[in-house]
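A.B. asks: Just passing along the structure, written as structure tokens.
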Amino acid sequence: MIIDTTELQDINSFSKLESLKEVYGILWVLAPIFTLILGITISVLAIVWLEREISAGIQQRIGPEYAGPLGVLQALSDGTKLLFKENLIPSRGDIRLFSIGPSISVISILISYSIIPFGYNFVLSDLNIGVFLWIAISSIAPIGLLMSGYGSNNKYSFLGGLRAAAQSISYEIPLTLCVLSISLLSNSLSTVDIVAAQSKYGFWGWNLWRQPIGLIVFLISSLAECERLPFDLPEAEEELVAGYQTEYSGIKFGLFYVASYLNLLISSLFVTVLYLGGPNISIPYIFVSDFFEINKAYGVFGTTIGIFITLAKTYLFVFVSITTRWTLPRLRMDQLLNLGWKFLLPISLGNLLLTTSSQLFSL
């Protein structure tokens, strides 16, 4: 069989076209992921800068001001410094656990961002078990801390890892019960459906008004899950030197540092999605949103406005968390466990019972 030159050129051009389509398809899948990672990185750098500025204001001192305008590049310079510092490994520790622990803590938190609706129909993965996926994944992060503490062959590190595991178990149960109450009100576990259910009645449809007790319990439990003051017992410097990260240096220490801020950001995002309507901005007596039809806008403009509103609400709770850290003293370990098991757990169970009863009576 003889194939002439024209047919051969057609076959080659067709194969090139198919290759281009495959490359385009791969890029189309990877582009949202890289965009999300870039946005998360910028948000973490902004939170680090905000924490330093807010803490400086609370303590009446000067914060970062030399690295870039207003010190905005200070966090980036610190990260670069950690990247080039020597990576020390304990001679008698478990090298595999010591190395894997920080990665597990960061990766398990990063996966949770895939189910956050940042704007109208702007979500990486709309799963019908979205909020429970976050709870399941967030329970993996303390395993990484426990592995790090055990692999360090250091009693202070091991105690810090044990405290992290105990704290996570104690406060994850009230957190789950609060999320379950929201799911009952919205008749769905999808974050997109929860936001849509709150947008039906505007500002007064936010779960903030229907679940005020749940919001308070959720805030306290999320602070404990993030291991922020007054709940930073796993790394209490007065008792455990630096807890599970005592033996770490260089980029591995930086991963723990990044994981704490990633956890703070994802917790604030879930407060916004579950209780404040996500990208919804239906504020009563303010007709700007109605005039511009922000809640009905689609396309690039609507997505941009939705992202801006979501981040504005999120950073409000980031500010609350930062202010709490630099205001309240650290609890003792027994006080922390008592608060979780004796107060927050019964309150969250009662809140779930009331929510279930109201839903049954409304049928």
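The backbone N, Cα and C atoms fix where each Cβ goes, glycine too.
A TrEMBL annotation is a machine prediction, not a hand-curated record.
Sharing the feature lines straight out of TrEMBL:
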type: TRANSMEM; residues: 26-50; note: transmembrane segment
type: TRANSMEM; residues: 95-115; note: transmembrane segment
type: TRANSMEM; residues: 127-147; note: transmembrane segment
type: TRANSMEM; residues: 255-277; note: transmembrane segment
type: TRANSMEM; residues: 297-322; note: transmembrane segment
type: TRANSMEM; residues: 343-361; note: transmembrane segment
A.B. asks: Please report, as numbers and ranges, the same-chain residues at least 6 past the borders of the transmembrane segment (297-322) whose CB is under 8 Å from any CB of it.
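C.D. replies: Non-local partners: 43, 47, 50-51, 54-55, 117-122, 219, 223, 226, 228, 264-265, 267-269, 271-273, 276, 278-281.
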A.B. asks: Using a Cβ-Cβ cut-off of under 8 Å, list the residues of the same chain that are 6+ residues beyond the ends of the transmembrane segment (255-277) and lie near it.
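C.D. replies: Tertiary neighbours of the transmembrane segment (255-277) are 40, 43-44, 47-48, 82, 102-103, 105-106, 109-110, 112-113, 116-117, 131, 134, 138, 141, 148, 179, 182, 191, 194-195, 198-199, 203, 205-208, 211, 214-215, 218-219, 222-223, 225-228, 244-245, 248, 310, 313-315, 317-318, 321.
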